[in-house]
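The annotation domain 'Major facilitator superfamily (MFS) profile' is assigned in TrEMBL to 26-643. Residues or ranges marked as domain 'Kazal-like' by TrEMBL: 449-504. Annotated transmembrane segment per TrEMBL: 64-85, 92-113, 203-226, 254-275, 333-352, 372-391, 403-424, 530-554, 566-587, 620-642, in sequence order.
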Amino acid sequence: MNDRNTTMGKSLSRQVKSKNKKPGMFLAALSLSFIAKTLGAIIMKSSIIHIERRFEISSSLVGFIDGSFEIGNLLVIVFVSYFGSKLHRPKLIGIGCFIMGIGGVLTALPHFFMGYYRYSKETNIDSSENSTSTLSTCLINQILSLNRTSPEIVGKGCLKESGSYMWIYVFMGNMLRGIGETPIVPLGISYIDDFAKEGHSSLYLGILNAIAMIGPIIGFTLGSLFSKMYVDIGYVDLNTVRITPTDSRWVGAWWLNFLVSGLFSIISSIPFFFLPQTPNKPQKERKASLSLHVLETNDEKDQTANLTNQGKNITKNVTGFLQSFKSILTNPLYVMFVLLTLLQVSSYIGAFTYVFKYVEQQYGQPSSKANILLGVITIPIFASGMFLGGYIIKKFKLNTVGIAKFSCFTAVMSLSFYLLYFFILCENKSVAGLTMTYDGNNPVTSHRDVPLSYCNSDCNCDESQWEPVCGNNGITYISPCLAGCKSSSGNKKPIVFYNCSCLEVTGLQNGNYSAHLGECPRDDACTRKFYFFVAIQVLNLFFSALGGTSYVMLIVKIVQPELKSLALGFHSMVIRALGGILAPIYFGALIDTTCIKWSTNNCGTRGSCRTYNSTSFSRVYLGLSSMLRVSSLVLYIILIYAMKKKYQEKDINASENGSVMDEANLESLNNNKHFVPSAGADSETHY
């Protein structure tokens, strides 16, 4: 007997020692998966503007593609939540990382089948497609108009060259990323909780969240680097590419982003396949070998009991789930909090999805610059805000109402800084034929069907073309032909056009009526406003992050303790379905309404937007986000009022119950005042 106890003690000792060795191995593997997860998320956001242009699609459609990640996540979240703990968790996480990597590679795949990127209708699909000889000036266009491509050839080109449906691969790849990402957090955290010492789980989670911040930093850095590279790098002679990263038609090497993130996810999946199903599995197996016959007998009995009670348990579980679900849906505080966080998070998701497009259209800054400034600078600030928010709640020991007030305060401060964006807007772009007349002297009320001027009416220009040039008068013209330019510098860079008749009527004093290829840059005052925008963005994100911890705290405090998991799960599902999927779509649809010049693809149908009315864009982008935030604040105020009323009523009821009990006890004592318990006797025994 003593030998048996000694053996069991040694086995337990080995189990504890093994348990203490597991965190380092699993934590390192899970850290890589967290980095891969956050890296993929940032890569998608920073590549949206390039995907939209490369596949010639609208902002609303690219928003739908962005939301496919949440669709994939929702498809398997129930399966993972229920069966995850019953299966091999490390291998399931590894499979998820592998699927996430395959999704990244699949997203990049269309690049290798679509042929060369055509940023102009006039270009031919070959390695010298971007030759400047295809640029049409006023005189050249009169000659070439006799030899324009026939509709039959255009139709054949549409069938052969068009990649209009290739975006489906990006959609499916992003959905696979969502499916693969699902098991990482819930199964990873539950596995950590199994092997962690008492009180160490929070430390490991803090380490994971801190390491996960490496992903966004790498993502923004790669996004900035690859967006400077031309999409067909390695396939075409870059000297023949006549557009620059500041051009609204520029498409960076977006596919490299997804290849890198996809391969990193696949690599991060490898360690999980070498980890045990449970942290102490080897010890359990050795322990089982000592008393195998006992376990077999117990297993047979358990199987018989399980078969008998299986039907009863299923019915009981379903009934209990429905009752629990009804309980949280009839909790007015919980429903109100879900609605207000949905509004708030939708504002964040929609704004972040199109922030790079906004910066480009409003301040004229390329996405490569925006990636560095908005990413690398703001991520540490965001992480600091999350940490400080949790520390404040713990330091001041805030109760439920106090946490709600703190969360509301951070939302008010974030909104206050967000509203400052309205005061640092630049003037609308000056584009002849879209925001002003072709002679550049008068603004127009509508960008549709702006009549030609006498300076270009005889040039027989293609008005659907978008080949912008910047005149010496600071006005952008849709094409050299519509600027009335008669000649050019040829292939010599920078490409300059001369004798532009539409510049003559603007009254230039130096007589230099020339224009260079590309849109006119923003002035210095607008550039300074961009840096103010970055500074305000830092403060806005800091206060948004400061209140992030309070979301989870409020959910678990306004529902019954046994319903916390269900409440968190339902809240996450609502945010993903109505926020993560829908917000990018309706933000994109409203942004599309501000477009003033659409591209035309090979099939003659509408492609992506070339330029926007920057004033209308800002009003829609900032206005919609502000409206969602203000609506959430109204619900915040109602929530705090309802919480105060509820907890005050509880205090009053508790006080009244206490008074009644005191009166009853006093009356009981008066009725029994003649009775005196014996010395050393227990009063409860005598009563």
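Note: Cβ is positioned from N, Cα and C throughout, glycine not excepted.
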Any contact, the transmembrane segment (203-226) to the transmembrane segment (92-113), with at least 3 Cβ pairs under 8 A: no
The transmembrane segment (333-352) vs the transmembrane segment (64-85): 3 or more CB pairs under 8 Å: no
Tertiary contacts of the transmembrane segment (254-275) (same chain, 6+ residues out, Cβ under 8 Å): 25-26, 28-29, 32-33, 35-36, 39-40, 43, 46-47, 50-51, 54, 90-91, 93-98, 100-108, 110-111, 173, 180, 219, 222-223, 226-227, 229, 231
Residue distribution over DSSP helix, strand and coil in the domain 'Kazal-like' (449-504): 4 helix, 10 strand, 42 coil
Intrachain neighbours beyond the transmembrane segment (403-424), with Cβ under 8 angstroms and 6 or more residues off its ends: 344, 389, 392-393, 529, 532-533, 536, 539-540, 543-544, 546-547, 550-551, 553-554, 557, 618, 622, 625-626, 629-630, 632-633, 636-637, 639-640, 643
Stretch among 64-85, 92-113, 372-391, 566-587 sharing the most Cβ pairs under 8 Å with the transmembrane segment (530-554): 372-391
Long-range environment of the transmembrane segment (566-587) - Cβ separation under 8 angstroms, sequence gap at least 6: 59-60, 62-64, 66-67, 69-71, 73-74, 77, 81, 321, 324-325, 328, 334, 338, 341-342, 345-347, 349-351, 353-354, 552, 555-556, 559, 621, 624
Sequence-remote partners of the transmembrane segment (92-113) [C-beta within less than 8 Å, at least six residues beyond its ends]: 30, 33, 36-37, 40, 43, 54-55, 80, 84, 163, 166-167, 169-170, 172-184, 187-188, 231, 254-259, 261-273
Mean of pLDDT values spanning the domain 'Major facilitator superfamily (MFS) profile' (26-643): 84
